[in-house]
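Engineer: Below you'll find the structure I mean.
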């Protein structure tokens, strides 16, 4: 069945690339951020897809570098009164939903996500209304308003387990917004899943022909793939998983060379995990084609040192995340279900 909104035809204006900083400027902003974090009783929570220098700063200041599920856990449990979320807007909203008593700052509130943009709440509500017999499961990469409509929120790290659980209960599913991840989960579980047709602009660009050529060039390499990638790319993988699961796979696979099909921001932590292995970027452009994202989310790239310093220094409407209380309470229900379910998996 077609949906009311077609993300494939939507045009997402990319933000301008941040102005490069000199070595001296980087050193200046790094020290300024460290000082401001202490003064504000703040901690950094950074996603794997942010730039390496941002992840390094989060490490050095006692913050967190992780996938969206662990970011949510860390921020809710940390005693800091202020969370600086280096990521995209839905991550800041999720932090505010889980920690309403804390000040949530972002380097920019214009850091979007194509999956979030590709699932407008009005169209999604109409889609759900047309299928009232289905349990609504939405990916973490959605707005607070879409989460508020859901029965469950899920991340890629526990998606298969959750849908397998719901399928065992005989529940039919609406899955949104990522069509590739939805199809992967459906294939793994056999569940009755009706997918919204969104896609990540980064993972959607991986090309099978170019990947095949790279594989022929490096026949001893293992291929690691995020399930937001097209099915044909997933079918070529030696390991499929979330960001944290791909890092774990890099450690356990015997191969000394790894081709990685996800945002290249992950290379910072993956290379730390396997310093003796060679990491190669999976190609994003096919024969005669060009890439838009080129394996790095343009909105993640907005989380620069200068923007982080400005967020900590200025606060205010340009940097602080707010979620209306009634909306927050509704979105909290499926988020807590996710966290509780994830806790049962961890034992």
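Note: Cβ is positioned from N, Cα and C throughout, glycine not excepted.
As annotated in Swiss-Prot:
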- 47, 68, 139, 140, 141, 156, 226, 227, 228, 243: iminosuccinate binding site (BINDING)
- 113, 200, 297: [4Fe-4S] cluster binding site (BINDING)
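Structural setting of the listed features?
Structural biologist: Residue 226 (iminosuccinate binding site) falls outside any helix or strand according to DSSP and counts as coil. In sequence order, 156, 203, 240, 241, 242, 243, 246, 261, 262 are the residues near residue 226 (iminosuccinate binding site), counting only same-chain partners six or more apart with C-beta under 8 A.
For residue 200 ([4Fe-4S] cluster binding site), the count of additional Cβ atoms within 10 Å of its Cβ stands at 25 [all protein chains shown].
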Engineer: Rounded to a whole angstrom, what is the C-alpha distance between residue 139 (iminosuccinate binding site) and residue 200 ([4Fe-4S] cluster binding site)?
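Structural biologist: Here the two Cα atoms are 12 Å apart.
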Engineer: If I take the alpha carbons of residue 297 ([4Fe-4S] cluster binding site) and residue 141 (iminosuccinate binding site), what is the distance between them in whole Å?
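Structural biologist: Computed Cα spacing between residue 297 ([4Fe-4S] cluster binding site) and residue 141 (iminosuccinate binding site) is 13 Å.
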Engineer: Determine which residues of this chain, when 113, 200, 297 are set aside, have a Cβ within 8 Å of the centroid of the [4Fe-4S] cluster site's Cβ atoms, and list them as they appear in the sequence.
Structural biologist: 49, 88, 114, 115, 141, 201, 202, 263, 293, 299, 300
